[in-house]
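Asker: Sending over a structure as structure tokens; questions will come in a sec.
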Amino acid sequence: MVAFSDKQEALVNGAYEAFKANIPKYSVVFYTTILEKAPAAKNLFSFLANGVDATNPKLTGHAEKLFGLVRDSAAQLRASGGVVADAALGAVHSQKAVNDAQFVVVKEALVKTLKEAVGDKWSDELGTAVELAYDELAAAIKKAY
């Protein structure tokens, strides 16, 4: 069980709303960061075959889904102290052989993107809340393998 406060959930929700304010822009930031840190990740995402394109609905849709899952993770943590991931999500990550290092790269890209999205509203408290929500989501996905 993880203690997650109402304030932490609100911080994560606010960051998600900032991301949603310009999904194409922040999707590009997110995937560009991933590819800078781990160029081989291009092979994990079929929609990156032609590079990072803000007009690609699969790119923006996947980013929105991931950021939404982190927001949902925060809600689950506040409500129950744990996160449960859909079995299909675990199966996809297992099939793609996503490893711990790749989860770390995604977390770093997520944090960088949200930091840019919220601008001067970024704080250590927000960063901690986002990282905790993501870490618990990643653990739940791995458990669902």
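First residue shown is number 1, and so on along the chain.
Cβ atoms here come from the backbone N, Cα and C positions, even for glycine.
Source: prediction; values computed, not measured.
What Swiss-Prot records for 3-145 is domain 'Globin', and it gives sequence analysis as the kind of evidence. Here Swiss-Prot flags TYR26, TYR31, TYR134 as nitrated tyrosine, drawing on similarity to another entry. Among the features that Swiss-Prot reports, phosphoserine is placed at SER46, with the record citing similarity to another entry. Residues or ranges marked as heme b binding site in Swiss-Prot: SER46, LYS65, HIS93, LYS96. Annotation source Swiss-Prot lists O2 binding site at HIS62.
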Asker: Within the domain 'Globin' (3-145) only, compute the mean pLDDT.
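Answerer: Mean pLDDT across the domain 'Globin' (3-145) comes out at 95.
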Asker: For TYR31 (nitrated tyrosine) and LYS65 (heme b binding site), determine the Cα separation and express it in whole Å.
Answerer: 13
Asker: Counting other CB atoms within 10 A of each CB, which of the modified residues TYR26, TYR31, TYR134 comes out lowest?
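Answerer: Across TYR26, TYR31, TYR134, these modified residues, the one with fewest Cβ atoms within 10 Å is TYR26.
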Asker: Can you list, in sequence order, the residues of the same chain other than SER46, LYS65, HIS93, LYS96 whose CB lies within 8 Å of the CB centroid of the heme b site?
Answerer: LEU44, PHE45, HIS62, VAL92, VAL98
Asker: By CA distance, which of the recorded positions (TYR26, SER46, HIS62, TYR134) lies nearest to LYS96 (heme b binding site)?
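Answerer: Out of the listed candidates, the nearest Cα belongs to SER46.
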Asker: Rounded to a whole number, what is the top Cα to Cα distance in Å among the residues the record ties to heme b, namely SER46, LYS65, HIS93, LYS96?
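Answerer: Result: 18 Å between the two most distant Cα atoms.
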Asker: Determine how many residues of the domain 'Globin' (3-145) DSSP places in helix, in strand and in coil.
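Answerer: DSSP classes over the domain 'Globin' (3-145) add up to 114 helix, 0 strand, 29 coil.
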Asker: Enter the number of other CB atoms within 10 angstroms of the CB of HIS93 (heme b binding site).
Answerer: 20
Asker: Between LYS65 (heme b binding site) and TYR26 (nitrated tyrosine), what C-alpha distance do you get in Å?
Answerer: 13
